[in-house]
Amino acid sequence: MELSTIESHDIGTAPEHQPVPAGAAKKVFVKTYGCQMNVYDSQRMTDALAAEGYVATDAVEDADLVLLNTCHIREKAAEKVYSELGRIRDMKAERAETGRELLIGVAGCVAQAEGAEIIRRAPAVDLVIGPQTYHRLPDVLARVRGGQKIVETDYAIEDKFEHLPQPKRAEVAKRGVTAFLTVQEGCDKFCTFCVVPYTRGSEVSRPVAQIVAEAERLAEAGVREVTLLGQNVNAWHGEGENGGEWGLGRLLLRLAKIPGLARLRYTTSHPRDMDDELIAAHRDLPALMPYLHLPVQSGSDRILKAMNRRHTARDYLTLIDRIRAARGDIAMSGDFIVGFPGETDADFEATLKLVRNVSYASAFTFKYSPRPGTPGAEMDGHVSEAVKDERLQRLQALVNEQQQGFIAGMVGRTISTLIEKPGRRPGQKVGRSPWLQPVIVDDKAGGIGDIIDVRITKTGPNSLFAELA
Ligand code: 5AD
Ligand code: SF4
């Protein structure tokens with residue numbers, strides 16, 4: 001399952017050992033929409049393009065190739081892409097007058113879902129490439145330069161991860177001391193509101209050796225914290241190093257042995273796949289951070305059934321009790337949808353009750369948006385926008401209160417912090433708490449990559465201020 005709604009763009013650089021002749025370097029601008037899996041994919045596409053001599057830029061005006069790595073989870077995401085494409089088309093038209101080329105590519109889940117429709121609706125687009133075929137990007141570009149428009153959205157039989165180049169050590173170091181590592185892709189759960197099983201395909205787990213090798217490379221380049229990614233990350237499974245089947249818990253134990261890797265996280269999980277071994281890992285592994293994103297979507301059993309979640313509200317609460325028994329300081333995060341077809345006031349009240357019951361450190365709340373091709377879109381009893389709005393506001397007020405309460409409760413506590421980067425103000429550095437909040441500390445408190453104990457002195461809306469403990 002997908003995650004929050006970060007929007008970022010990703011910047012890479014030319015490979016240091018492969019200098020591009022002066023004047024010949026092409027520049028690529030990558031804009032990433034949607035979940036962390038797209039952030040990871042954008043980095044890997046940047047790496048693949050670097051091998052072709054492309055230098056990444058964060059200035060769209062400088063680019064010879066603009067790649068939008070899109071998200072299809074909710075309606076507005078695709079609309080945003082089309083309006084962005086409108087702006088880039090205008091740039092391409094201006095560029096044509098100067099004789100300098102601008103290629104436009106659409107990647108990600110909108111690319112997968114819409115395919116050739118994108119080129120019909122936005123004819124300035126040169127290439128459309130789905131999430132399973134990024135390793136073919138260099139070849140696709142060569143064909144585009146030959147004058148073709150390319151739509152490449154099949155589910156490739158070869159493993160894209162085996163074919164995508166690994167980033168250079170210096171590139172990893174430049175990206176910082178925290179990193180994403182995709183271990184699983186796709187989803188077989190078919191929640192009735194969700195497009196992911198259609199855009200990302202069925203569940204595939206990367207093999208243990210590939211994951212361990214990538215994590216080792218990250219650690220060697222100075223990465224201290226790795227977040228394992230998957231739409232259904234806790235459905236990951238694979239053949240263990242000495243035979244036998246491993247689940248995610250076992251994989252985490254293995255990764256925790258890699259020198260330098262001090263912190264591990266994973267996201268996003270489905271409640272049905274939280275097995276005993278994974279829960280035990282939360283108890284036994286200090287490196288596994290005490291923060292778990294475990295979407296439930298609704299607190300009403302009727303709605304959960306209509307959503308095909310295959311668990312009840314009680315199942316979810318019991319699971320959380322077990323996880324909290326394993327790791328007392330674990331903070332919970334979740335996703336919620338309001339206004340799923342057929343949701344009554346009583347159903348919505350059940351969601352509020354569940355939220356009060358769990359008490360979340362953070363939560364993402366969404367209004368149901370019908371996605372074409374999903375069973376939910378065809379159901380009766382669609383809820384009016386006005387009712388969705390009202391429910392969203394009430395739910396947000398409740399989760400904001402819980403979030404603020406969680407942060408306020410940190411004042412006076414001593415916590416470990418991974419120093420990540422210089423702060424926005426001189427004399428400050430920014431770290432990350434075990435529960436993902438930014439921690440603002442004095443510049444001299446530690447170097448980037450250090451994990452230090454700090455005492456929280458005060459809080460901002462979503463950040464912590466701290467002094468050396
Ligand atoms: N409408 C609204 N929210 C959705 N999500 C997924 N599909 C939809 C949809 N059709 C939400 C779910 C999921 C999160 C990433 O996005 O809460 O967990
Ligand atoms: Fe997550 Fe359900 Fe969508 Fe799968 S179908 S990605 S479990 S929300």
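Any Cβ shown, glycine's included, is placed from N, Cα and C.
Unlike curated records, TrEMBL annotations are generated automatically.
Cβ neighbours within 10 Å of CYS71 ([4Fe-4S] cluster 1 binding site), excluding its own Cβ and spanning all shown chains: 26. For CYS35, CYS71, CYS109, the entry in TrEMBL reads [4Fe-4S] cluster 1 binding site.
The annotation [4Fe-4S] cluster 2 binding site is assigned in TrEMBL to CYS187, CYS191, CYS194.
Summarising the annotation, TrEMBL assigns domain 'MTTase N-terminal' to 26-146.
The domain 'Radical SAM core' annotation in TrEMBL covers 173-407.
Look at TrEMBL and you will find 408-469 tagged as domain 'TRAM'. Residue counts for the domain 'TRAM' (408-469) under DSSP, helix first, then strand, then coil, are 4 helix, 33 strand, 25 coil.
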Residue, out of the binding-site residues CYS35, CYS109, CYS187, CYS194, whose Cβ gathers the largest set of other Cβ atoms within 10 Å: CYS109
The domain 'MTTase N-terminal' (26-146) - residue tally per DSSP class, helix then strand then coil: 66 helix, 26 strand, 29 coil
Inter-residue C-alpha distance, CYS187 ([4Fe-4S] cluster 2 binding site) and CYS109 ([4Fe-4S] cluster 1 binding site) (nearest angstrom): 13
Length of the line joining the Cα atoms of CYS71 ([4Fe-4S] cluster 1 binding site) and CYS194 ([4Fe-4S] cluster 2 binding site), in Å: 12
Rounded to the nearest Å - Cα separation of CYS191 ([4Fe-4S] cluster 2 binding site) and CYS109 ([4Fe-4S] cluster 1 binding site): 17
Count of other CB atoms lying within 10 Å of the CB belonging to CYS191 ([4Fe-4S] cluster 2 binding site): 22
